[in-house]
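Structure record follows, encoded as structure tokens.
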Amino acid sequence: AKDMAYVGGPHDLALAKGAGDGEAHDDIDPDQAREYQFELDFICQTKATGLFQTQLADGILGMDNSPHSYWSQALNAKISETAAFSLCFARQPTASRTGTEAGAFTLGGFDERLHNENSPVVYAKLLEEGKSEFFKVDLKGIWLRKGGAGESALSTNSSMPIVELAITESELNDGGVVIDSGTTDTYLPRHFAVDFLKVWTTMTDLPYDYYPKTLTEDELQSLPTILFQLQGVVDANQKQSGTKGAKYPLGTLGSAVPDESRPEKDQYDVIIAMPPSHYMEYSVKDKTYTNRLYLEEAWGSTLGANFMMGHDLTFDTQLMTLGWAESECDYLSVLDEFDEPNPWEDPDSETNTIPAGGDGGGSGTDGGGSGTDDTNGGADSGAGSGSTDSSSSSNKEDTPVKQSRGWSFGKAVLSFFVVAGALLAGAVYGKQYYESRYGIVRYQVTNVENELELQVSSGPDDKSGSYSSPSFSIT
């Protein structure tokens, strides 16, 4: 099917084309984001099974290396100028089925305003063999850092030991290593377990298992931080040296695990920190933590969404790089800092956005994934690489650079309102309603000057009453 996709910003208020342009608007302004819209080819889901029946995400937004991927279609429609996009997943302490602030999504590059102070973008190399639809990387090492040294790759306590697992680079990459936000958790081969468990037990004197546990905040933070070493783009990362007050930039091996005896090129490999707040998933209902870093795969590794948390990760399919910058991924704070309106928390607003999908609605994103079943709930989100459109991409350069036209929006649950097209196509005139967990949602289709108008409003748990705020219309 094909319908108009509205990219970013709230869609519960009408905005004329061009109303978000001009010097008064910044590219992080949600009103300006609404300027970006294009016709999107998509597939309709006719039946929901498994977690799609219960979790917040009830759809998939493809971001893989395919001309049919969401970002690739946006590129071809000239919505973005370069074959790059960024995903920034927040360190949310809890997840709610009714919605969770989960970060930002940027088309056309990255937005430096989301990045933590003193955290430049460092680049890992994407592997090109086989022209896979997945994002594959070279994993060169795994380290465990004793707890109590913070969540960054840069330790806040130099006395805490950092131990490298005795696993060869060949063994680490046996079966391939995929970065896939479409997999909620992280999965490593079971032959990693022997040395991993040895180091874990030495550091914690605790078993490594997947049973729910009741932990205090101090007990959680006392667990090890896992450091992953990815092959870096040496030239690009060297150009970051001397910035932010460090010889080696934050996020590189030379910064995270100092050792002047190692080869210089290895110092510029990328280090990704996975603290316990990322791999230990908290259940609000049970008030327990469950380990979501699995050492059970027969072969191959999938570094999922919890691996990506706390970073703004830029997928550049033209330069074949992954850019990493540590970030809180707090889009709403960026709005406040740059004095932009927050449309989701305006107490004076008479309108509200109705979650897409009705009961437990929302959309997930998925891209080049590993095929690993995601059985632990949460948003089904993902990223893959994509095809390059030379007519709308900038010339290839030696060093990846920030794209100035990138824009961000702060809801990981994206409301595209393609359902509106389906309702209008059906042209069911008159007032209708359906029941959802949000109460009675009413919609009315009318013919206004030969154009169909869909009017939607929510109300109390009854089927009477007239249309009233909060409401919105789509023509």
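Any Cβ shown, glycine's included, is placed from N, Cα and C.
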Given ranges 205-224, 245-264, the stretch to which TrEMBL attaches the annotation region 'Disordered': 245-264
Intrachain residues whose Cβ lies under 8 Å of the region 'Disordered' (245-264), provided they are six or more past its termini: 118-120, 122, 141, 143, 152-155, 162, 164, 227, 229, 232, 237, 270-273, 324-326
Secondary structure tally of the region 'Disordered' (245-264) (DSSP, helix then strand then coil): 6 helix, 1 strand, 13 coil
